Amino acid sequence: MMRSAETIVAVATAPGEGAIGIVRLSGPSAEAYLDQLFCAVRPTLKRLSHRLYLGHLRAAGGQIIDEVMAVVMRAPHSFTREDVVEVHCHGGMVIIRQIVDAFLEVGARLARPGEFTQRSFLNGRLDLSQAEAVIDIIRARSESAGRVALAQLDGRISRIVAEMSDRLADLLSHVESLVDFPEEDIEFAEFSFLEEESRSLLAQIEDFLEHFDMGRIMREGLSVLILGKPNVGKSSLLNLLLGESRAIVTDIPGTTRDTIEENFVLGGIPLRLIDTAGVRDSDDPVEVEGIARARAKVASADLILLVVDGSRPLDEQDRLALRACSDYKTLLVCNKTDLPQSSLPHDWTALPTVFLSCRSGDGLSLLRNSIVTLLGGSVQGDLAQEVVFSDRRHRDSLLRTRESLMRFQSALSEGLSPEFPALELREALDALAEILGKTTPDDILDRIFSRFCIGK
């Protein structure tokens, strides 16, 4: 266990006003700092761990800051396995800032982003995959993403990696016995075991990699791009799908000059809905930049909603928008069905099409169903049950493990000296160990924990 000599402090609740705010400390002096500033309503000779006490928190100068509840969680029975103190106060930012300042004044240091979780990792309470699950839970965009992250925090990945590592270590022990006794030829049964076990491990890794894209969808969401010429109702469509007025809507063409991105869940699929600047020829440099950004996002979109004004004949600007998305999965949305309709040109009828009115909402249900149907091929089954690895760092480690196992099989089949397959197995073990943080370089660790908010 590696305990820090410094005691850190940070706000543990989200910024802004709320009913309750929480200030958290961790380190060897956490309880001593609390003793300097906290006066319980009912003083006690011995404060019990993990019990809330009502009292007043005072500044170093003695003036009362707030009536609070304070709790001490003594090591090792805390999130960081250090002495941890939490002060639960009223949720105003002024009060919270005064409490943090008071602890800084008596000797605490302001925590870095993710430092509480980093201490939990360094002190052995969490492995690296579990530490990463903390931020995944906070940032989960759907229920399925939350369930996968919670399973990861509960040690699902840890157990799988440990089981795979044990099997690799068993393989290595068999191969190293051949290194120690080179005069003994490898028997057929031994060779079959090595080959079959490595093949089984490779199949398991392939299954994890096969489901990785579904994990990426849960973490990042599928992108749905709203495209079309100005003033056809793109921003109105964004607002309609979200069920709130997120984008400004006017009758003036070119109101949206930059991309607007919003997250929402549709049919259990997490989506990133992107409203773009209207595609047209323009001399306005701001609008030109917005149009360029819209075109740049087309290639990375999982689905494009090409919006046209169904009450008017399609023109060259509509065709310009169509050409921009001609090579990508596209759903044509004919808006303004509350007005008399103009017929679609023959060459547009091959596109899957939905007719709706953003003004009245007619056709919204059909649009939602069409989006889910078109994206359904990307999401199959119960994601939370099938997805294990969803982090790109984990995927990279699995890929390197797979490559080492494939080289191990080649070394076996080519009859190379046992030192060579043994080397590949050690590299496979090292790659797997990185998932749990056992062999992860410090700069990678720093980058991982810097993604966290201060106070976590």
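Placed from the backbone N, Cα and C atoms, the Cβ positions cover glycine too.
Bear in mind that TrEMBL entries carry predicted annotations, made automatically and left uncurated.
Features as listed in TrEMBL:
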type: BINDING; residues: Arg24, Glu86, Arg125, Lys456; note: (6S)-5-formyl-5,6,7,8-tetrahydrofolate binding site
type: DOMAIN; residues: 221-376; note: domain 'TrmE-type G'
type: BINDING; residues: 231-236, 250-256, 275-278; note: GTP binding site
type: BINDING; residues: Asn231, Thr250, Ile252, Thr255; note: K(+) binding site
type: BINDING; residues: Ser235, Thr256; note: Mg(2+) binding site
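Nearest by CA distance to Arg24 ((6S)-5-formyl-5,6,7,8-tetrahydrofolate binding site), out of the binding-site residues Asn231, Lys234, Ser235, is Ser235. When other Cβ atoms within 10 Å of the Cβ of Glu86 ((6S)-5-formyl-5,6,7,8-tetrahydrofolate binding site) are tallied across all protein chains shown, the result is 21.
A gap of 47 Å separates the Cα atoms of Glu86 ((6S)-5-formyl-5,6,7,8-tetrahydrofolate binding site) and Lys234 (GTP binding site). Annotation note: Asn231 (GTP binding site) sits in a coil segment as assigned by DSSP.
In this structure, the C-alpha atom of Arg125 ((6S)-5-formyl-5,6,7,8-tetrahydrofolate binding site) lies 47 angstrom from that of Ser235 (Mg(2+) binding site). All protein chains included, Lys456 ((6S)-5-formyl-5,6,7,8-tetrahydrofolate binding site) registers 20 other Cβ atoms within 10 Å of its own Cβ. Comment: (6S)-5-formyl-5,6,7,8-tetrahydrofolate site residues Arg24, Glu86, Arg125, Lys456; largest CA to CA distance 19 Å, whole number. The secondary structure of Arg24 ((6S)-5-formyl-5,6,7,8-tetrahydrofolate binding site), as reduced to three states from DSSP, is extended strand. Neighbour density around each Cβ, counted as other Cβ atoms within 10 Å, peaks among the binding-site residues Arg24, Arg125, Lys234 at Lys234. With respect to their backbone Cα atoms, Asn231 (GTP binding site) and Lys456 ((6S)-5-formyl-5,6,7,8-tetrahydrofolate binding site) stand 44 Å from each other.
A mean pLDDT of 80 is what the model gives for the domain 'TrmE-type G' (221-376). It is Ser235 that, of the binding-site residues Asn231, Ser235, has its Cβ surrounded by the most other Cβ atoms within 10 Å.
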